[in-house]
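What TrEMBL lists as compositional bias 'Basic and acidic residues' is 234-245. What TrEMBL lists as region 'Disordered' is 224-245. Taken from TrEMBL, the feature transmembrane segment covers 6-28, 40-59, 65-87, 99-120, 126-147, 159-181, 187-208.
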Amino acid sequence: MADASFFVGVIGNIISILMFLSPVPTFWKIKKQGSTEDFSSLPYICTLLNCSLWTYYGIIKAREYLVATVNGFGIVVETIYVILFLIYAPKGRRGRTAILAVILDVAILAAAVITTQLAFQGKARSGAVGVMGAGLNIVMYFSPLSAMKTVVKTKSVEYMPFLLSFFFFLNGGVWLLYAVLVRDVILGVPNGTGFLLGAMQLVLYAIYRNGKPSSNNRLEEGLQHEPLISQPNKESHQIREDRPI
């Protein structure tokens, strides 16, 4: 069972790394244009907090080093994304991004670490951190519901790319299997949620894949964030993502 969980965890790491790297084309475009345009920094700031919590969880919980390693990679990547936002965002938005990053990724993270270190010990500590990470994960996993609503309303999958939905489903499924193998309920709940929502997106895609996009029902660019992989565009960048876990 240990060998099986390690194998599944490695696969999950690979998928999660690809998901973390999926916004690279978007940031390459931002760099070339010298502006973040209408893209929002909130998804990346929240993903950075999410990765930080799961890295902390993986460090303090026995035998969860695969969770720590992939989310440690996510911390590096998401930090780069946030820095690029601070460089290329308009002046007013740059200030808001900096304030939000300090509040979520520094203050809240520090409060979570200090509180759990002082108030809990052993399994209770890792459990508390896991609950915080799982809660944030579930919120991020539910973010594509607006896109699903739009698909039903417009009868078109224009704003819900297939690869995005597929890897959303695949990532949740692999980490759910890993959680079952290592008997980690905290890890399983958010990924089970992501797996089910990803499956729902694929069902919608199968139903409406031949629908014609309506020019009268276009989403405002920049409001939908990818949970995780695909050639990202402005409609695919809302809170997700990504976290792989």
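Cβ atoms here come from the backbone N, Cα and C positions, even for glycine.
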The transmembrane segment (126-147) touching the transmembrane segment (40-59) per 3+ Cβ pairs under 8 Å rule: yes
Closest-packing stretch to the transmembrane segment (6-28), where packing means Cβ pairs under 8 Å, from 65-87, 126-147, 159-181: 65-87
